[in-house]
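*Asks:* Sharing a structure with you now.
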Amino acid sequence: MRTYITNLNGHSITSTAQIAQNMVTDIAVSLGFRELGIHSYPIDTDSPEEMSKRLDGICSGLRKNDIVIFQTPTWNTTTFDEKLFHKLKIFGVKIVIFIHDVVPLMFDGNFYLMDRTIAYYNEADVLIAPSQAMVDKLQSYGLTVKKILVQGMWDHPTNITLQAVNHKKLVHFPGNPERFNFIKNWRIPTELHVYTDHNMQLPTTVVKEPYQSDEQLIMKMSEGGYGLVWMDDRDKQYQSLYCPYKLGAYIAAGIPVIIQKGIANQDIIEKNNLGFIIEKIDDISNIVESTTEEEYMEIVSDVRRFNPLVRQGYFTRKLLTDAVFSALNSM
């Protein structure tokens, strides 16, 4: 028996979807998994025969009873995901579907894909879901997979040495103002430092920082401030279901987080004293201004006690190992 994992390539280097899949794959390879590379491309350029040959090439090294971690979606359309899944089935392998996102739940216009998505999920031997809330939601649409693991948190592997921290009364947010409208509507006195290459007019208390490499970003954020996890109103329901990737970056940087109430990771933040949970964006200034130096440093200490789990990839290591055990276990 050998273990494999699919991996997305061909997106922009800033693509969170690709960064997340590449990160999981790097950890998997360190555990002895082999990579099944999947390139992003317009699938309509393939004839049915060409598509079949392409999928044969991806799967050519597989043997019966191998285990494949299938990271979904591939972002090559649901049709591609279905075809790849069923090609894997032909090879007689055990399939663990690792859900990063559920396209029908992300965008209202794609909800028509829900039945098809659930149908191929239900053929998996094991399912990894971002949260229990996501499991419950998918079960309400017909999910019947018995073996389910919950991810809980994105890792953010890094060897960057953390800087001495100061209680800076500012908030960090790596993100595109075109994607997150709350940035353009920022009306509170606390400075929001946005890391982006997009040029546009922003409110006076929004400080535009240049896009930075992961190492530069972690080092800069580790000097102090708060990491913000926030979604626009239209995305709040989905935020309660999935794991935001940037949360792991803040934890890796060793700074307190400010998150929106209802986020899927809320219990981890609360139980480990990693930051603050708020209901409305106006609450940010009150937290930043009222938190004392002593209180801030206490939370920083708790974050930096916890963050080796994220910085060294232990959430993903455990998840992948548990997935193999679950795939082979008869119960």
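Placement of Cβ uses the backbone N, Cα and C atoms for every residue, glycine included.
Sharing the record's features from Swiss-Prot:
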type    : residues                                                                              : note
BINDING : Thr16, Arg179, Tyr211, Gln212, Ser213, Asp214, Tyr242, Cys243, Pro244, Tyr245, Lys246 : UDP binding site
REGION  : 106-111                                                                               : region 'Substrate protein-binding loop'
*Asks:* With DSSP helix as H/G/I and strand as E/B, how many residues of the region 'Substrate protein-binding loop' (106-111) fall in helix, strand and coil?
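*Replies:* With helix first, then strand, then coil, the region 'Substrate protein-binding loop' (106-111) has 5 helix, 0 strand, 1 coil.
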*Asks:* Within 10 Å of each Cβ, count the other Cβ atoms and name the one among the binding-site residues Thr16, Ser213 with the highest count.
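*Replies:* Within the set of binding-site residues, the most crowded position is Thr16.
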*Asks:* Any residues 6+ beyond the ends of the region 'Substrate protein-binding loop' (106-111) with a Cβ under 8 Å from its own?
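*Replies:* Those are 238, in sequence order.
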*Asks:* What's the most sparsely packed of the binding-site residues Tyr211, Tyr242, counting other C-beta atoms within 10 A?
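*Replies:* Among the binding-site residues Tyr211, Tyr242, the lowest count of other Cβ atoms within 10 Å belongs to Tyr211.
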*Asks:* Can you see whether DSSP assigns Tyr211 (UDP binding site) to helix, strand or coil?
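*Replies:* In three-state terms, Tyr211 (UDP binding site) counts as coil.
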*Asks:* Please give me the CB contact count at 10 A for Lys246 (UDP binding site), counting all chains in the structure.
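*Replies:* Excluding its own Cβ, Lys246 (UDP binding site) sees 20 Cβ atoms within 10 Å.
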*Asks:* Between any two of Thr16, Arg179, Tyr211, Gln212, Ser213, Asp214, Tyr242, Cys243, Pro244, Tyr245, Lys246, the residues recorded as binding UDP, what is the biggest Cα to Cα distance in Å?
*Replies:* 25
*Asks:* Quick one: average pLDDT across the region 'Substrate protein-binding loop' (106-111), no decimals.
*Replies:* 91
